[in-house]
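The 5-phospho-alpha-D-ribose 1-diphosphate binding site annotation in Swiss-Prot covers 93, 113, 114, 115, 116, 117, 118, 119, 120, 121. Taken from Swiss-Prot, the feature orotate binding site applies to 117, 145.
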């Protein structure tokens, strides 16, 4: 499966100057909503991701995603795995569990995102689940931006990664884009203003 080509064909592989949800800057942005707006394609991708997870024989009960970007990917993955789905959401800048969702003590979760950059939002969701008595057994995403180690791709962990080293991350592919702090961003130095798409922007 050529994930990069799928993103390009869907108009989801964007070039410009972007402020990522992690606070970093990048010349490229992956707009997964453009991929997931096609239900058949969303199902195909998450069916494939479910097969990868199943091949590692990890036992889990439910899937949780951080809103907003992770909801479609998480729901489709839950469908493919025949598991329960819940989501966390940000209220006053803090991740929380609302809408009557509950976590049973000992319930095992995979945290699912559309894209994992440093893994900050996924880690926030994991901490919520664990604070309520759940157990996080792994992470999943359509794509990894190259910072977190991916179990099925055998890709290494980089310094910016926030996901726990002892839990696996499963994805369909890696996109290795350079990301920058605002202070050393070459696009900022050229006078270009970063726009804020995605989970914490428009």
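Glycine is no exception: its Cβ is also placed from the backbone N, Cα and C atoms.
As the structure is a computational prediction, the values presented were derived from the model and not from experiment.
Structure coloured by features recorded in Swiss-Prot.
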residue : record                                              : DSSP (3 states)
93      : 5-phospho-alpha-D-ribose 1-diphosphate binding site : coil
114     : 5-phospho-alpha-D-ribose 1-diphosphate binding site : strand
120     : 5-phospho-alpha-D-ribose 1-diphosphate binding site : helix
145     : orotate binding site                                : coil
How many Å lie between the Cα of residue 93 (5-phospho-alpha-D-ribose 1-diphosphate binding site) and the Cα of residue 145 (orotate binding site)?
23
Do any residues at least six apart in sequence from residue 145 (orotate binding site), in the same chain, have a Cβ closer than 8 Å to its Cβ, and if so which, in order?
30, 115, 116, 117, 174, 175, 176, 177, 179
Candidates 117, 118: member of the binding-site residues with the richest Cβ shell (10 Å):
117
Among the binding-site residues 93, 114, 116, 120, which residue has its Cβ surrounded by the fewest other Cβ atoms within 10 Å?
93
